[in-house]
Amino acid sequence: MTDATAPTPRTAAPAVAPRVKVAMILFAAFALFPLLAFALDDPFLIVIGTRILAYAIAAMALDLILGYGAMVSFGHAAYLGFGTYAVAILSSYGVTDIFAQTLFAVAISAVFAFVTGAISLRTKGVYFIMITLAFGQMAFFFFISLSAYGGDDGYGLSGRSTVLGSNMLENDTTLYYATLVALIALFVLCHRIVASRFGRVLTGIRENPTRMESIGFPPFRYQLTAFVISGCITAVAGVLLANQAQFVSPAFMSWHRSGELIVMVVLGGIGTLSGAIGGAVAALLLEEVLGMMTEHWRLWFGIFLVLMVLFSPRGLTGLFEQIRGRRE
Amino acid sequence: MANLFVLQLLNGVQLGVLLFLIAAGLTLVFGIMDVVNLAHGVLYMVGAYFVATFAALTGSFWWGLLLMLPAAIAVGLILEVVVIRRLYARSHLDQVLATFGLVMIANETVKIVWGTSPLSVPTPELLSGSIPLMGPLRYPVYRVGIIVAGLAVALGLFLVINYTRIGMLLRAGATNRAMVSALGVDIGKLFAIVFTLGAVLACFAGALIAPILSVDTGMGESVLILTFVVVVIGGIGSIKGAFLGAILVAVVDTLGGVFGPILLREVLDPSAANQTGRMLAPMLVYILMAVILFAKPAGLFGAKA
């Protein structure tokens, strides 16, 4: 499937073991992180940590189609939005159970991803990027005009979701660990998908759609399925983000957010699920650190981004490998 | 009702003309250089800030407009030489990331230089006031001026593209870039010219709109996405498609916002109609785009999908 003569020298088929190792190290670090927060007596770190973990889920979901399927979706923030608004809308009707909310979020996202994906996947390249961006904006404007839930101003949640009737998520540390559990579970899921026959077909389509089609794998079907799966996983991240912030607003689905998700994936090196998680951590930490130093952090983040693309196209993973002198 | 319709139709055409000015450059950059440029909306914003600054300095909108042009050329050239030029051979993903970075840099720089409060540009005296349309209906002269100026630029662009040597190269480049390069055309120079031309058109659009809009940092963003829709509908690389797409998108957007609720009132009760209309109106152009792409994946006049 990944042919040595393939025209685009992208990351080859996932060399499983070392990347799973990286992921396990990351997860262990996440699990120990609250201890650091307690040691520093800074509970706000836990809140930031939860946000990072939730975005790591979204970045991993995007990597599933961007890295393994070469589909540059520029509208993925829409699914974050569906997740957050699923929490807001259901809890306003008294349904606060997180599983019910997640199911609702996933259902909406599946429908939206199926319809918009089916249209977007009729096109390729630049068209695909712009169309997914436009559909993302469509969802954004829909929620802006949804005045029942605050429209542009957003909507504050009265409390966090419940788990089978218990309000244990009100505790920040519990929410943090719940998010970590979700991240690990979804990582295992994504990892299984990538390693499965379906995942191999997807990678094959990335490398050479015509060849895959001629040996009996119609790309459209596989790509659309991956697109829907990715959207649904991103919605889970949205559910967790709404709980973390206890506030939902269309800002979660602005096109800047979609861009930031792509930044996270690329920063970690595309086509490596653990890279997307690392990328989310790196991007959000960079944001926090720059934000502490200057109110104009976006300027420096933008400069960093341009320099990264120009000088280290394979993200931080590529940079590390360059430094260690290891080439694939 | 008819009065309202004419008024909104004119507003739609005025928005369409502006969208065309921005989309023309974007579609050429996409079509000829195969570069996704998210920073194109930034140029529109910068054009508005330039004219606001120069008009305030000289006290005249016209001097502001005139001084804006060399500044726009400079910005376009600098962007091309420093960043865009290095992206031609790169993947679309890299282009998205780098130009996304440029958007962040530009928005923040504008905030640092001009502050966060919106600027306003006085309407030039020559074009103030309004002209009678039909019955009691009047229309601001300045908006008519925008339509005329935009159409004039569109005509000029049409003539350049269809009847000059550089236009011939542009058309050839949009169809087959490698062939043009193989025939001995300095493709690097051609790209720089195309990008700068696009930058100047976008800046010009921003400068034109400045007197009737407040000039602020967000103004490039909403327009950028609408322009993407225009380019996708019209077909990448097609100036004709950009023109028709721009008018179509702008008219649908403008009329939909006003007449959507009115039409819905026929089937729903008024408050529900207003509510649904308000929610559907901003989505109309995207639905239009989805329908057109469903029928023609390469857009109305697209050469390649």
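Note: Cβ is positioned from N, Cα and C throughout, glycine not excepted.
A TrEMBL annotation is a machine prediction, not a hand-curated record.
According to TrEMBL, the protein has these features:
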TRANSMEM  B:12-31  transmembrane segment
TRANSMEM  B:38-57  transmembrane segment
TRANSMEM  B:63-84  transmembrane segment
TRANSMEM  B:96-121  transmembrane segment
TRANSMEM  B:141-161  transmembrane segment
TRANSMEM  B:190-213  transmembrane segment
TRANSMEM  B:219-236  transmembrane segment
TRANSMEM  B:243-264  transmembrane segment
TRANSMEM  B:284-303  transmembrane segment
Could you check whether the transmembrane segment (B:38-57) and the transmembrane segment (B:190-213) come into contact, where contact means at least 3 Cβ pairs under 8 Å with the two residues of each pair 6 or more apart in sequence? yes
Same chain, outside the transmembrane segment (B:219-236) by at least 6, Cβ under 8 Å from its Cβ: which residues? 18-20, 22-23, 26-27, 30-31, 38, 40-45, 48, 103, 107, 206, 213, 242-246, 248-250, 253, 285-286, 288-289, 292-293, 298-304
Which sequence-distant residues neighbour the transmembrane segment (B:63-84)? Criterion: at least 6 residues beyond either end, Cβ under 8 Å. 33, 35, 37, 39, 43, 46-47, 50-57, 98-99, 102, 121, 191-192, 195-200, 203-204, 207
Same-chain residues at least 6 beyond the ends of the transmembrane segment (B:96-121) with CB under 8 Å of its CB atoms are 36-39, 41-42, 45-46, 48-49, 51-53, 55, 61, 64, 79, 83-84, 87, 90, 210-211, 214-217, 220
Same-chain residues at least 6 beyond the ends of the transmembrane segment (B:12-31) with CB under 8 Å of its CB atoms are 37, 40-41, 43-44, 143, 146-147, 149-151, 153-154, 157, 170, 173-174, 194-195, 197-202, 204-205, 208-209, 223, 226-228, 230-231, 234, 236-239, 241-243, 245-255, 303
